Amino acid sequence: MGNWVVNHWFSVLFLVVWLGLNVFLFVDAFLKYEKADKYYYTRKILGSTLACARASALCLNFNSTLILLPVCRNLLSFLRGTCSFCSRTLRKQLDHNLTFHKLVAYMICLHTAIHIIAHLFNFDCYSRSRQATDGSLASILSSLSHDEKKGGSWLNPIQSRNTTVEYVTFTSIAGLTGVIMTIALILMVTSATEFIRRSYFEVFWYTHHLFIFYILGLGIHGIGGIVRGQTEESMNESHPRKCAESFEMWDDRDSHCRRPKFEGHPPESWKWILAPVILYICERILRFYRSQQKVVITKVVMHPSKVLELQMNKRGFSMEVGQYIFVNCPSISLLEWHPFTLTSAPEEDFFSIHIRAAGDWTENLIRAFEQQYSPIPRIEVDGPFGTASEDVFQYEVAVLVGAGIGVTPFASILKSIWYKFQCADHNLKTKKIYFYWICRETGAFSWFNNLLTSLEQEMEELGKVGFLNYRLFLTGWDSNIVGHAALNFDKATDIVTGLKQKTSFGRPMWDNEFSTIATSHPKSVVGVFLCGPRTLAKSLRKCCHRYSSLDPRKVQFYFNKENF
């Protein structure tokens, strides 16, 4: 197990508490509607599906309260700042915000399915009870709607034998909002798959804004009061457990039982979602305000492999290493905002991003900046926002792993290190950095070469050659490149990058790398930072667990992954 417990105990505890609250709320609501005398007559028509529908509704309210919080980026950045002196275990939980957002969404889907299925049975029971002519208690209760609805005594929402379930579904507030919410939820979930987010980000972006219809629908879903229970006054006058068996004698002079009166369950969903909705509205207002501040593009560089570098200035902009921003180009799309990691260092007088062509929006943006005689497109920026990479200097030893354009957060870190060396910063806690960059194309290395060359020279001059150990891996090589590398193996610099460190072909042998690091730093706390695909994250996470020790006096690896 290695230090799996050390890395994940708080996450597991948090999930257990969240799941426990879901179970508690479901069971508590189920027993309430299954046992309470107030809903005795309602159960005579619907049975236990009433309790299932109401229990799932309560869990939907609870999870809908939580769903917006993990995507309040300014709130997370604020918490990250206030938790700067908290334990790394607690701070790491903020990096799992999107994972928790997805888990809450899955729970909403589960309870939505339970709620819909339960109400399908409920409407079927309502319909059959309304059609019944056998004089049973259910049929008598269903007929109360005929002439006493104005008095508040109706129980069955199907008001006549000619009314269909479909008609009630699309004409009642509960039915219509339920359909709208379900359609919005289905579209949001299906468009949030990794394939669509990676290949058709604009589809994901637009459909996810259907949450507005989901939240509005949830807020007014219960206004119609379709689920009804006996009023307190009516129960005091005619208790259901005493009077249900003598329903044929209701209102007889010689009987103490009177015809029951019912009232709708007051809407509660709006109470659950009000606070997070207000918080999210404030979040969006802040985003809008910051996005309207003028951004000045000071430099545009087109690197090989279709990588665009933008250097910008913005009044009041302050950043930390590894942070990211959201970028909008109104001339391409007014509503689309895309996240990009900052590649500049906090010590620089500008902030920069590197954009690789990966989809329609990025391709259009690069094409717009390639037009030499056209005016530079206007750019809007929101951020910056914090990520796991902010904590890199909290570790004695840091392992940085970037795949392709995923190297961008580490560009910021390495630049900041260069400036710290320039200023002789003695507060730098980090004593060793291992940097791995995995790329398919040789051209991708070019824009990073100058930085690595400068770092090599700076560390040589300061006598800190061993501070940075970097390895570049080329996965898209062919026999010509390998042959050329073999012929020039004795050269002092690499033929691909021009750096002193030779490029490796293929992928890293992570077990060997971690074993070497663990041996070299037997008593250190090692932070492993990744910006790359899920498969690579899985391999690195396993290695962190395998080569860590529960003994705090021995080496421990803490895995961190960029999520935005």
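Any Cβ shown, glycine's included, is placed from N, Cα and C.
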Per Swiss-Prot, HIS96 and LEU365 on one membrane face:
no
Looking at N-linked glycosylation site as annotated by Swiss-Prot, pick the matching residue from ASN63, ASN162.
ASN162
What range among 207-227, 270-290 does Swiss-Prot describe as transmembrane segment?
207-227
The record lists HIS101, HIS115, HIS209, HIS221 as binding heme. What's the largest Cα to Cα distance among them, in Å, rounded to a whole number?
23
Might you list, by sequence position, any residue in that chain lying six or more from THR430 (phosphothreonine) with a Cβ less than 8 Å away from its Cβ?
VAL392, PHE393, TYR395, GLU396, VAL397, ALA398, ILE417
Same-chain Cβ contacts of the transmembrane segment (397-417) under 8 Å, 6 or more residues past its ends?
307, 321-324, 340-348, 353-354, 356, 358, 387, 389, 428, 430-440, 444, 448, 451-452, 455, 467-468, 517, 521, 524-533, 536, 540, 557, 562
Site of maximum Cβ density within 10 Å, from binding-site residues HIS115, HIS209:
HIS115
Close approaches to the topological domain 'Extracellular' (31-44) from elsewhere in its chain (Cβ under 8 angstroms; 6 or more beyond its ends):
50-51, 54-55, 137-138, 141, 155, 227-230, 235, 239-241, 244, 260, 262
Hey, does DSSP put THR430 (phosphothreonine) in a helix, a strand, or just coil?
coil
